[in-house]
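As recorded in Swiss-Prot:
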- His112, His116, Asp303: Fe cation binding site (BINDING)
- Val135, Val136, Ser137, Gly138, Gly139, Asp168, Gly181, Asp185, Asn274: substrate binding site (BINDING)
Amino acid sequence: MTRVLAIETSCDETACAVVEDGRRALSDVVSTQIDIHRRWGGVVPELASRNHVVQVMPVVDEALARSGVGPDGLDAVAVTSGPGLVGALLVGVQAAKALALAWGKPLVGVNHLEGHLVAAFLAEVPPAFPYLGLVVSGGHTSLYAAHGFGDYRLLGQTRDDAAGEAFDKGAKLLGLPYPGGVAIDRLAKEGDPAAIRFPKAIVKGADLDFSFSGLKTALLHHVKKHGVPEGPALADLCASYQEAIVRALVEKAFRAARRLQFERLVLAGGVAANSRLRAAATARAAEYEGMSVFIPPVRLCTDNAAMIAVAGTHALLRGERAGPDLNADPAWRL
């Protein structure tokens, strides 16, 4: 039995979890900063860092209390050390280093994107390797071939804006509240996704990259020409814009799956909480014999520490250890 306590502070959630054997979350505590950043319409890095300083130890204490496991029952401390906001990452890294030293436990640094890729192993039915992983968040839109824990190959990524960024910036153009992706998803449920024709957010050619800047620009031109609508017309606009983003994600993911002969697709990252993306990916998988799609519960799509504990557990089992010189790497590539 391997029990790992993990800390996640890469952006605006302060999170801590205790996970057993990389499969069972004994606790999973998340302190969100949505209310703090809402007035600014997005995450303010300095405010995020300051709030992490205040919240990190109370969140750790709560995670330990909920798990029923004390420091003596832990095998290691894992922490997100990149990528992310450097100030936010530093808070988590310093806390994890202090705890590992105080408790005499091994320390493991974890890539935040790997955490998303393995979050599905906390679900009731986990995927098997190999699988195609689509990580979609506010800062990342990437396709990975996952051949085993710690064994990933980047297949494609966004050339400009991430899908989550396209949602958030689109919502800001429409005067919707933060977080924008959630607001668009909610309104889109009442709208017609075919009401407005947006350009395909797909890079032409055989590669597996994405591009969302043109779609965002198309929304800007639409708003400049027609203004921001209200009522049903706003719902139609949200549904159409969302559909263009979702269509690009699903088409590229399944193109990669067919070309590279993957039978399993894992959706991960905050945008994987989008209801239309979840439905579209599930429906597309049903069209292909032998194709399965794995989507973690919504709470495991958004930033959390349980997924970091999963990745940290397997890094520990591979013999990986971080020393006292572990530092934040805001641009760490997986």
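Residue positions begin at 1 at the first shown residue.
Glycine residues also receive a Cβ, built from the backbone N, Cα and C atoms like all the rest.
With a 10 A radius on its CB, Gly181 (substrate binding site) counts 25 other CB atoms from all the protein chains.
Local packing around the binding-site residues His112, His116 was summarised as the count of other Cβ atoms within 10 Å of each Cβ; on this measure the leading residue is His116. If you measure from the Cα atom of Val135 (substrate binding site) to that of His116 (Fe cation binding site), you get 7 Å. In the three-state DSSP scheme, Val135 (substrate binding site) is classed as strand. Under the DSSP three-state reduction, His116 (Fe cation binding site) is assigned to helix. Among the binding-site residues listed here, namely His112, His116, Asp303, Asp303 has its C-alpha nearest to that of Gly181 (substrate binding site). Residues Val135, Val136, Ser137, Gly138, Gly139, Asp168, Gly181, Asp185, Asn274 are recorded as binding substrate; their most distant pair of Cα atoms lies 18 Å apart.
Less than 8 angstroms from the CB of Asn274 (substrate binding site) sit Phe167, Gly181, Asp185, Gln242, Val246, each of them six or more residues away in the same chain. Around Gly139 (substrate binding site), the same-chain residues at least 6 positions away in sequence with a Cβ under 8 Å from its Cβ are Cys11, Pro83, Gly84, Ala162, Gly164, Glu165. Around Asp303 (Fe cation binding site), the same-chain residues at least 6 positions away in sequence with a Cβ under 8 Å from its Cβ are Glu8, Ser10, Cys11, Asp12, Glu13, Ala15, Val30, His112, Gly270.
Each residue contributes its Cα atom, and for His116 (Fe cation binding site) and Ser137 (substrate binding site) those atoms are 10 Å apart.
The local packing around Ser137 (substrate binding site), expressed as other Cβ atoms within 10 Å of its Cβ over all shown chains, amounts to 25. In three-state terms derived from DSSP, Gly181 (substrate binding site) belongs to a helical segment.
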